[in-house]
Amino acid sequence: MDSVMNYAKEAATFFGEAGADWRFTPGVTPFSSTWIPVSTVLGYFLLIHFLQQKMELKKPFQMRGLLIAHNAFLCLASLGLFIWLLGTIIYRTFDQDANAHYLLCSEKMHNNGSLHIIYWLNNLTKYWELLDTVFLVLRKKPVLFLHEYHHGATLLLTWSQQKEHSTVQWVPILLNLGVHIVMYYYYTLSAAKIHVWWKKYLTTLQIVQFVVGVGACSYCYGKYLLNGFDYSLCYGTDAGAVTGIAILVSYLLLFVRFYFQTYTAKGSKQKVN
């Protein structure tokens, strides 16, 4: 048992110290300037609606192999970042003998190169994930507002939380990476024409991540507000906190609505029939 614990600590130390000197610097780090994510998201919305018009009279593209490769890559990328982030959090917990408040609110916790580079790499994956929507349009599949909004807003959210020094951002990012491992595994199987029965539970998992994410972010912003707007008690900015909570709450409401429309309403109709 001791050898297992030692191995776990060594692994956590490896992940916790990897990239320790790296820092995200707005306007200097690649893809950190405001115009890049903003123009990308605007271009994304315009491109999707342009492609939808162009595809009206065309046959859907068959891209089974490309979809399998695309989704498998994002599944593995999410897995790699999840392991790295989890290892870093475990390392910071033991190295600093940290409690939950320290992990969620401490400036020292945030100013860690390993976390900075993970956050940055996670943001880069959001650019790649925009292809999800492009592939839907090229296959003439319906694009829900939830899907389009979520992809665009998440790219902006992950960029803005770095820019605004949000200490708590590791919580929604870790949860999101965990969900994306499962989600893109599901998409990979679906692209390979393998039946998956647990899609409903994937939506439930997505809702749970937003509930936990909103709770963690609200705790941090609440600490800041209730203690006289003291940043030393919970590091970050008003803009980062308000933006983060607002977007996560919007996700939660939209996913709950989708769940009831897709599963509850469908179940009620089947019972009536």
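Glycine too: its Cβ is placed from the backbone N, Cα and C atoms.
What TrEMBL says about a protein is an automatic prediction, not a curated fact.
Feature annotations, courtesy of TrEMBL:
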| type | residues | note |
| --- | --- | --- |
| TRANSMEM | 34-51 | transmembrane segment |
| TRANSMEM | 72-94 | transmembrane segment |
| TRANSMEM | 170-189 | transmembrane segment |
| TRANSMEM | 201-221 | transmembrane segment |
| TRANSMEM | 241-260 | transmembrane segment |
Range from 34-51, 170-189, 201-221 with the greatest count of C-beta pairs under 8 A to the transmembrane segment (72-94): 170-189
Chain residues in Cβ proximity to the transmembrane segment (170-189) (below 8 Å; excluding those fewer than six residues from its ends, i.e. six or more beyond): 67-68, 71-72, 74-75, 78-79, 81-82, 85-86, 89, 103-104, 115, 118-119, 122, 154, 158, 196, 198-199, 202, 205-206, 209, 212-213, 216-217, 244, 248
